[in-house]
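In TrEMBL this protein carries:
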- 41: active site, proton acceptor (ACT_SITE)
- 178: active site, proton donor (ACT_SITE)
- 14, 73, 149, 150, 151, 152, 180, 200, 201: substrate binding site (BINDING)
- 39, 41, 73, 178: divalent metal cation binding site (BINDING)
């Protein structure tokens, strides 16, 4: 995880929580409300029990928002199968789950060669030590703070120990968190050291999404500033 710049705050609404009947409009609304990127959950009904959308949807979205960063959260078996398709569709980041991958170095190289940033996701039960032998291959580590693929779960505060470990040992790494994050949990997440914040209904279901995004950003930026002063 060789990084050279201080991670900055990035807020990415989870589009799966938006009104999918008018997806492009919802995406534009999130960006106009101050989002830095869009988090798109791809579920295959195998790695997780739910089924969502794939690269054809991404390919349709890309011309409507050519400059928006698409973060693909690939909750799928055989994640190597969809790398070329997602790259062709216009994805910017390809985050696979370590639990679904047999050859991590090969998959990371494939993603890099496709022109996308490499993300690796960890389910709550997966120790952070699992990915350490491959630490130079990732751009982003995604710590799940709920079990992926299941709705209505509570934020798992004990996952913050993984975030803290990564921030301490890899100070320049982009650390993403996903699951149950909103105004009531953001301070815990920010203080642990996460800088990429995925938030679903807390943003998409708000009467004023821009206000929620600003609140999340303020918490993370304050935590980053505090950590820099303490060094």
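Each Cβ is built from the backbone N, Cα and C atoms, and glycine gets one as well.
Unlike curated entries, TrEMBL annotations are predicted automatically.
Using the residue listed as 'active site, proton donor' as the reference Cα, a 10 A cut-off selects 14 from the binding-site residues 14, 149, 201. For residue 41 (active site, proton acceptor), the same-chain residues 6+ apart in sequence whose C-beta sits under 8 angstroms from its C-beta are 14, 15, 16, 52, 73, 75. Within 8 Å of the centroid defined by the CB atoms of 39, 41, 73, 178, the record's divalent metal cation site, lie the Cβ atoms of 12, 14, 16, 40, 71, 95, 142, 198, excluding the listed residues themselves. Here the binding-site residues are 149, 180, and the one whose Cβ sees the fewest other Cβ atoms within 10 Å is 149. Non-local contacts of residue 201 (substrate binding site) by the CB criterion (under 8 A, 6+ apart in sequence, same chain) comprise 17, 182. Just so you know, the Cβ of residue 14 (substrate binding site) picks up 23 other Cβ atoms within 10 Å once every protein chain is counted. Rounded to a whole number, the C-alpha distance linking residue 39 (divalent metal cation binding site) with residue 180 (substrate binding site) is 14 angstrom.
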